[in-house]
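What Swiss-Prot records for this protein:
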| type | residues | note |
| --- | --- | --- |
| BINDING | 12-17, K52, 68-69, K85, 144-147, K165, 170-171 | ITP binding site |
| BINDING | E40 | Mg(2+) binding site |
Amino acid sequence: MSPTPAHLNFITGNKNKLAEVQAILAGVIELRNENIDLVEIQGSVEDVTTDKARRAAEAIKGPVLVEDTCLCFKAMNDLPGPYIKWFMQSLGAAQMHKLLAGFDDKSAQAVCTFAYCEGPGHEPVLFQGRTDGKLVESRGPTAFGWDSCFEYKGQTYAEMDKSEKNKISHRGKALEKLKEWLAQKVDA
């Protein structure tokens, strides 16, 4: 097993995502940010994230952390899934709930997949978190993606305190797995 890196280059141009990941990983590992425009393949979230990690590691020539997020609607056989970004750009959070207007089932699953890649030529390691909820009309601040229309136990992500959200969110769950993995590398 390779040693734990001194820092990780988190590849994202999303300042809200960066702040959330920094908050969750605070005190665990130094997180640096790189905003690289990566080609994003179409496929499963695992395939997309793995490919992004390989491309980013090649570009950075060192250890990277990348992330891909899905929002899956049971009534639509898990669509939009990894393509949620494009739905959000077209509809926005205020209109997202209309996608399920013709369905009784409003259940949704938020899925976050991180990939760590040690560097060029190394196989990425995946860490995935999932949170079950439902799609609702937008409530709360709309500054962070679909947080205002994804409800977990009566509150949208946007209505939650950030530290509370980070404990139960798909991203928080995935990063807990990453933290456990990093701790095992230190202990090895």
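Note that Cβ sites are derived from N, Cα and C of the backbone, with glycine treated the same way.
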Here the Cα-Cα span from H170 (ITP binding site) to E40 (Mg(2+) binding site), rounded to a whole number of angstrom, reaches 21
If you run the three-state DSSP split on T12 (ITP binding site), which class comes out?
-> coil
Within 10 Å of E40 (Mg(2+) binding site) by C-alpha distance: pick out those among the binding-site residues T12, K15, K85, W146, and say none if nothing qualifies.
-> none
Filtered by Cβ under 8 Å and at least 6 apart in sequence, the residues in the chain of T12 (ITP binding site) near it are L18, V21, N33, N35, V66, E67
Least Cβ-packed of the binding-site residues K15, K52, H170 (other Cβ atoms within 10 Å) is K15
Could you check what DSSP calls H170 (ITP binding site) once collapsed to helix, strand or coil?
-> helix
Relative to the Cβ position of E40 (Mg(2+) binding site), how many further Cβ atoms are located within 10 Å?
-> 14
According to DSSP, does K85 (ITP binding site) fall in a helix, a strand, or coil?
-> helix
Taking the binding-site residues one at a time (K85, W146), which has its Cβ surrounded by the most other Cβ atoms within 10 Å?
-> W146
